[in-house]
Amino acid sequence: MSISSTHPKEPSLGPDLEGRRHEKPLHNTFHELYVNEFHPIWNVAFMATGITACILYNFPYPAEWLRICGYIMWGISLLLFFIVTILTPWRLWKEPDWPLLTDPSLNVFLGPYSMGFSTIVNMVHFISQEHWPIGTFVLWWINVALAVVISWAVIFQLFAKSKLDYHTLQASLILPVLPLSVSASSGALIVSNLPNARLKLLTIVVSFLLWSIAVFIGSCFIGIFFWKLLTSKLPPKPAIFSVFAPIGLIGHASWGILLQGINANDYIVEYTDLDQKAVIGMVLKIISFPIGIFFLGFGFFLTFLAFAVWFYHGWAPFSKSWWPMPFPIGAMSLGLSEVYRASGMESFRVLGAIYGVTCIIFVILSLIGSAVYEFPRRKRLM
């Protein structure tokens, strides 16, 4: 299940790629170097650079130079978006037997495409603010459709046809669930700029539905992962970075519910005629706060567990499997920073900055490592 290895040994990328390097020498053509070698794990790179752009743009300690860096990182994310959007159908067209939709070592990486699209929605919201609310709303609905179709289809495929056994159950199974949580957070984020009560209420309700589905199904998968840890102990070294995946669900669950509390309060106060509406709105906002803290507390433990597994196995030289690390760490940064904005507690601002800087560093290292070790032409010369 896990996409991971160490350099210089190449990672196992599923049955479709095993042995390809030994079939015949690859000629220096675009198709052979890029299309044949394309793997959906690059969707993770798209979403990781996207969330890093959001963190840089809205860093807990804001600065103009950080916003400029956010624009640059968003440009890299958009470039990756266009690359994966072109190469995925291209390879499916050239190789109809490519088991992208049926192989669990491949189809779980479809979810990050929707998550990356969520980061586009978020950045459009941050940059345009109240100037393009309907456009952002339309983009969000496109993302909702992507999230629901990808998540539900992949999960059903895992239930119906994927031949998983005890040894192939890894934390990366949670990747198809994450798009629902991330899309819910994006919806909660854009509510404040929508132009009327009808659109705001619709977005609040749909976002909460997505959030609820993600939290429930994700909790089940996390339970399976913990059962696997109890019965067969720590995952092997090739799968260590998959342990970071559950942190992403928890971080976005926290961020999403905190934003929903704010939205519910604002909507009730502004658009309803309820008696004591200010009190009712504040109660909902207050209720969301401990729920958000609850998820962050679990996220702290999962962060400890992920790094402890990494340190236990020792240093893992760069491979594609580094890419799943930054996004979950960035999700925790978003949740922690939102707690600071809601409460004014400086400690959460500091923690949000620490998680944010960690995410940024991992993304930069992964970009450099990809350019050095994973760029197809470079690999042919090594």
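Placed from the backbone N, Cα and C atoms, the Cβ positions cover glycine too.
Residues annotated as transmembrane segment in TrEMBL: 41-59 (among others).
Positions annotated as transmembrane segment by TrEMBL: 71-90 (among others).
Listed as Cβ neighbours of the transmembrane segment (110-127) (distance under 8 Å, sequence separation of 6 or more from its ends, same chain) are residues 40, 43-44, 46-47, 50-51, 53-54, 57-58, 70, 74, 77-78, 80-81, 84, 88, 100, 135-136, 139-140, 142-143, 146-147, 150-151, 154, 175-179, 182-183, 185-186, 189-190, 193, 248, 327. What TrEMBL records for 110-127 (among others) is transmembrane segment.
Within the chain carrying the transmembrane segment (139-160), a Cβ under 8 angstroms from the stretch's Cβ atoms is held by residues 101-102, 104, 107-108, 110-111, 113-114, 117-118, 120-121, 124, 173, 176-177, 179-180, 182-183, 186-187, 190, 203, 206, 210, 217, all 6 or more beyond its ends. Summarising the annotation, TrEMBL assigns transmembrane segment to 139-160 (among others).
Listed by sequence, the residues of this chain that lie at least six past the ends of the transmembrane segment (172-194) yet keep a Cβ under 8 A from its Cβ atoms are 1-3, 104, 107-112, 114-115, 118, 121-122, 125, 129-130, 133, 136-137, 140, 143-144, 146-148, 150-151, 154-155, 158, 200, 203-204, 206-211, 213-215, 217-218, 221-222, 224-225, 239, 242, 245-246, 248-249, 252-253, 255-256, 259-260, 262-263, 266-267, 324, 331, 334. According to TrEMBL, the feature transmembrane segment maps to 172-194 (among others).
Sequence-distant contacts of the transmembrane segment (201-227) (same chain, six or more residues past either end, CB-CB distance under 8 Å): 137, 140, 144, 147-148, 155, 169-171, 173-174, 177-178, 180-181, 183-185, 187-188, 190-191, 194, 246, 249, 252-253, 256-257, 260, 263-264, 267, 271. Residues or ranges marked as transmembrane segment by TrEMBL: 201-227 (among others).
Summarising the annotation, TrEMBL assigns transmembrane segment to 239-258 (among others).
The transmembrane segment annotation in TrEMBL covers 279-312 (among others). Sequence-distant contacts of the transmembrane segment (279-312) (same chain, six or more residues past either end, CB-CB distance under 8 Å): 234-235, 240-241, 243-244, 246-247, 250-251, 253-255, 257-258, 260-262, 264-269, 328-329, 332, 335-336, 338-339, 342-343.
Residues or ranges marked as transmembrane segment by TrEMBL: 353-373 (among others).
Counting same-chain residues at least six beyond the ends of the transmembrane segment (353-373), those with a Cβ under 8 angstroms from any Cβ of the stretch are 7, 45, 48-49, 51-52, 55-56, 59-61, 73, 76, 318-320, 322-323, 325-327, 329-330, 332-333, 336-337, 379, 382.
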